[in-house]
Each structure stands twice: as C-alpha cells, then as structure tokens.
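Report on one structure; see the data block that follows.
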Amino acid sequence: AAPGAETAKYRAVSSLAHGLTSNGMFGSSSSLLSKLGGVGTISELVSGGVGALVGDKPAAGRSRLLEDFRNNRFPNLQLRDLANHIVEFSQDQHGSRFIQQKLERATVQEKQMVFNEIIGAAYSLMTDVFGNYVIQKFFEFGTTEQKTTLAQKVRGHVLNLALQMYGSRVIQKALESIPPEQQQEVVRELDGHVLKCVKDQNGNHVVQKCIECVEPSALQFIINAFAGQVYALSTHPYGCRVIQRILEHCTPEQTAPVLNELHAHTDQLITDQYGNYVVQHVLEHGAGEDRSRLVAAVRGKVLQLSQHKFASNVVEKCVTHATRNERALLIDELCGFNDNALHVMMKDQFANYVVQKMIDVAEPTQRKVLMHKIRPHIGSLRKYTYGKHIIAKLEKFFMKAPELGPIGPPPPGAVL
C-alpha cells in the first residue's frame with residue numbers, strides 16, 4: 001500500500017461510522033453493516049481501525065487502534081487520529097513515546113485536544129511508568145494555562161507523588177516549569193515530611209529540586225527540619241546530596257547553622273564514605289573561613305588521612321583549594337616526613353595521588369625541594385604499581401625543567 005494509505009483508510013472508516021451513528025440511520029443489527037466488511041457493530045467499527053477490516057484481534061485490554069499502531073500499520077498517524085485514545089496510548093511504551101514526540105511540535109489545537117483527554121486521568125498518568133512522561137511534556141511544552149491546571153491536579157498529592165518513582169519525576173518537572181507562587185504551594189505540602197523525603201530514594205530528588213528552583217525564603221522549613229540532623233544526613237547516601245544543594249543555593253543565614261554542625265563533626269565526616277563529599281563540597285565552593293577551618297583539621301594528619309580511601313580525596317581538595325600559605329604548610333608537612341613515611345605514601349594506592357597533587361600545585365621553589373626529597377626512592381618506586389605514577393609525574397616535570405637534572409640521586413649539597 002502507498003505510504004499513509006492505511007491511515008487514510010482508518011480516518012475514512014471512522015468518519016463513515018461516526019456519521020452513521022450520529023444520523024441514527026442504522027442500528028447495530030442493521031443488515032447494511034455487512035457492506036462494511038462484516039464488522040459486528042458500529043462501535044466496533046469506530047474503534048476497530050484497519051485490523052477490524054481484515055479480521056485481526058487485538059491483544060487483551062488493547063484497542064484495535066493501539067494494536068494497529070504497535071504493528072506499524074499507521075506510518076503517518078497524527079495526534080488528531082488518537083481522539084478518545086490518548087490516555088490508552090499514554091500508558092503504552094510506544095504510544096507514550098509517539099505522543100511525547102508529537103507534542104514538541106504540536107499546534108495549539110492539537111495540544112488542547114490531548115490535554116482535554118489526559119486531565120481527567122492526570123494523577124494516574126503521573127504515577128504510570130509511561131504516562132508520567134506525557135505529563136512531563138505538558139509541563140515543558142504546554143501553555144501557561146495547561147501547566148497551571150496540571151499543577152492544581154498535583155495539590156493534595158505532593159507527598160505521595162514525591163515518594164513514588166514516576167510521580168517524583170513529575171513533581172521535579174513541575175517545579176522547573178511553574179511560577180513561584182505555585183512552586184511555593186507545592187513545597188508547602190512537604191512541610192513536616194522533610195526528613196522522610198530526604199531519606200527516600202525518590203523523595204530526595206524532589207527536595208533537591210525544591211532547593212534548586214524555589215526562592216530560599218520559602219524553604220526555611222527545610223533548614224529547620226535539619227537542625228541537629230546535619231551530621232546524620234551528611235553521612236546518609238541521599239542526605240549528603242541534599243546538604244550539598246543547601247550549601248549551593250540557600251542564603252548565608254540559612255547555611256550558617258548547617259556549616260556549624262558540619263565543623264563540629266569534621267574528623268568523622270572526612271573519613272565517611274558519604275560525608276567526605278560534603279567536606280569536599282565546602283572546600284570547593286565554601287567561604288574562605290570555612291575552607292581554612294577544614295584545612296586546619298587536616299594539618300598534622302596528612303600521612304594518616306592520605307592513606308584512607310575517602311579521606312585522601314579530602315586531602316587532595318585541601319591541597320588544591322587552600323590559600324597559598326596553607327598549601328605551603330601542607331607540603332612542608334610532607335617534606336618533613338622521614339624517608340620511610342614518604343616512601344609509604346608514594347607507593348600507597350590512595351596517598352600517591354596526594355603526592356602527585358602536591359607536585360602539581362606547589363610553588364616552584366617548594367616543588368624543587370619536594371622532588372629532591374623523592375629522588376632517592378626512584379629505584380624502589382619502579383617496583384610498585386602506584387609508585388610508577390609518581391615516577392611518571394616526576395618525568396613530566398623534569399622534561400619541563402631540565403635544570404633539575406636527570407632523575408636520580410639529588411645533586412651534592414642539595415637542601416633536603
């Protein structure tokens with residue numbers, strides 16, 4: 001058949017059937033139905049599609065139109081052809097994808113036709129594995145009025161949706177798309193349930209999105225809920241993410257109590273599998289005063305912390321983001337180690353990266369001292385997987401600065 005022929009046939013049959021029904025000329029038992037290919041009733045003809053004409057049976061619970069669509073019988077199907085089938089298509093993997101793609105370029109009339117059908121089933125679609133994507137598309141490409149109406153359908157259900165796998169995605173998209181006054185109506189429903197959401201695999205993403213998108217003044221209830229809980233949340237797989245969003249987006253007045261609790265538990269957080277990310281975040285993005293307090297907590301413990309899987313990342317961030325003087329003190333601490341301690345660090349699977357970072361960021365004079373300190377260990381480092389990383393780093397700098405001489409023992413009289 002020519003491209004689009006079956007689609008045209010479906011439209012023609014549907015039009016004819018609707019015409020017969022609306023005119024009241026023929027009942028379902030009319031013998032004239034036999035002229036329409038043996039279809040049993042007008043209603044079967046209306047919803048039957050091409051498959052009804054050829055005698056195919058759709059899968060249980062699936063309309064003929066959807067079955068034909070899934071079998072690629074309608075290569076040129078348009079949104080207007082889905083009248084009275086939008087919800088069904090939205091809940092089907094292939095049908096949902098089709099509607100999503102069409103909505104991106106749909107006319108105002110097509111969007112309204114689709115919207116009129118989904119709005120009555122909005123909540124069930126929000127929690128549906130495929131339907132949620134159609135709702136999200138309306139928050140993205142719908143008219144202002146359509147977004148407002150959908151947001152009203154969310155009201156009273158925000159907590160349940162936030163804790164549900166698919167509903168949580170809809171809430172996040174809504175928060176990105178609706179005006180501030182509606183955002184605040186949505187987030188208010190989470191008041192009293194903040195910790196429950198933060199510790200939930202779906203809800204934590206909603207709380208993060210609230211912090212990213214909503215005016216901080218409307219989020220004070222989240223800060224209040226965290227009082228006395230910052231350490232526990234920072235060491236939680238989901239909570240640590242939310243703490244980082246607060247540090248990024250909230251006001252200094254809101255972050256101050258959070259930071260105070262963090263500083264009270266710095267030593268434990270540095271070595272925690274999740275807490276270390278919160279400490280790194282403060283080192284990268286925090287105020288100078290907060291960074292300096294964290295660097296001070298690391299000083300005197302460089303050898304110990306650098307050999308720790310999680311803490312070593314914090315030491316690297318300290319070396320990278322410390323002030324010039326603080327960085328010099330950290331590198332001096334390494335240079336002051338006895339040969340055995342330095343050797344241990346250079347061959348360690350974690351500490352070797354700290355040594356490399358120090359070589360990278362040291363001032364030229366201090367780097368020279370550090371490299372001469374390392375040179376006596378070159379021979380033994382070649383035996384270790386991680387020691388070879390140090391050698392590669394040294395070779396890079398010796399090539400850039402030939403005046404340092406070839407890799408080998410330090411020159412006579414070198415100050416170590």
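Note: Cβ is positioned from N, Cα and C throughout, glycine not excepted.
In TrEMBL this protein carries:
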DOMAIN    61-398  domain 'PUM-HD'
REPEAT    81-116  repeat 'Pumilio'
REPEAT    117-152  repeat 'Pumilio'
REPEAT    153-188  repeat 'Pumilio'
REPEAT    189-224  repeat 'Pumilio'
REPEAT    225-260  repeat 'Pumilio'
REPEAT    261-296  repeat 'Pumilio'
REPEAT    297-332  repeat 'Pumilio'
REPEAT    333-372  repeat 'Pumilio'
Please give the sequence-distant neighbours of the repeat 'Pumilio' (189-224): residues at least 6 beyond its ends with Cβ less than 8 Å from one of its Cβ atoms. 155-156, 158-159, 162-165, 167-168, 171-172, 175-176, 180, 183, 233, 236, 238-239, 241-242, 245-246, 248-251, 254, 257-258
Under an 8 Å Cβ to Cβ limit, what residues of the same chain, 6 or more beyond the ends of the repeat 'Pumilio' (225-260), are close to it? 194-195, 198-201, 204, 207-208, 211-212, 216, 219, 268-269, 272-275, 277-278, 281-282, 285-286, 290
For the repeat 'Pumilio' (189-224), would you mind checking the mean pLDDT of the predicted model? 98
The DSSP breakdown of the repeat 'Pumilio' (261-296) into helix, strand and coil residues is 28 helix, 0 strand, 8 coil
